[in-house]
Amino acid sequence: MTRSIRPLVAGNWKMNGLKADLAIATEVARGYDASLKAAVDLAICPPSTLLFTATAALIGSRIATGGQDCSVQPAGAFTGEVSAAMLADAGASFCIVGHSERRTLHGEDNATIRAKAEAARKALLVPIICVGETQGEREAGKALAVVRRQLKGSVPEGLDAASLVIAYEPVWAIGTGLTPTAADVAEMHAAIRSDLARIVGKNAAAGVRLLYGGSVKPSNAAELMNVANVDGALVGGASLKAEEFLAIARACA
Ligand code: 13P
């Protein structure tokens, strides 16, 4: 953790969640008590079909919502796309961009992700820009180089600390139960912080929240959150269980 930075725990529901599952969000809200509120920010990124109702269900809870992706386009003939302004209109405060599932399954490159982050900012959303290496890249000793290239290509210049979140999610740790060692996370997050200084300036970089994501569970959250320069978590599977998500938030607090 970075002492001067208020941590953020964000849940990425991915393509999970029907109306009935809003009960998960309301259960998280019930468990987000005064001591947690004093220590950690929470956000839930449901599928866009649930964004409006999830935001409404969370009114008064101080839990933010976010989209999982946005179009690079502002509006128009782009069937199936959802614009950043639409997400904001539905109540979102954040938007995940560049998740590895988008990079891999939808061929999104760094330039596209940067354009999406810029589109998110135009709509006053805070982009959560995801970076992370594959297993092969780590085994080849290229993890740092890959992530630094992703950062350089996908993070817009000139954002302030409050307008940007970075999530380091090693692809091989997502949904697998595997996690990097604390030392590997520390090395990567330090490199991210120092490279960000070149992109957004030293002052902004010092305050940007750097989340770790990939198989974060109540059992490993405390260890991961105690690593230097880890300012919260981007949680997939465990964010679909209110008690687990809250336990991870407590580990951050
Ligand atoms: P898991 O927590 O299920 O590994 O997913 C991580 C993730 O991809 C969050 O964006």
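Heads up, the Cβ atoms here are built off N, Cα and C, so glycines get one too.
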Binding-site annotation, TrEMBL, substrate: partner of Asn12, Trp13, Lys14, Gly175, Gly236, Gly237 in Ser48, Ser61, Ser215: Ser215
Sequence-ordered binding-site residues from Trp13, Lys14, Gly175 with Cβ under 6 Å of an atom of ligand 1: Gly175
Fewest other C-beta atoms within 10 angstroms, as judged across Gly175, Gly236, Gly237, which are the binding-site residues: Gly175
Alpha-carbon distance [His99 (active site, electrophile); Glu169 (active site, proton acceptor)] in Å: 8
Under 8 Å by Cβ from Asn12 (substrate binding site), counting only residues of that chain that are 6 or more apart: Cys45, Gln68, Ile96, His99, Gly213, Leu234, Val235, Gly236, Ser239
Residue among the recorded positions Lys14, His99 whose Cβ has the most other Cβ atoms within 10 Å: His99
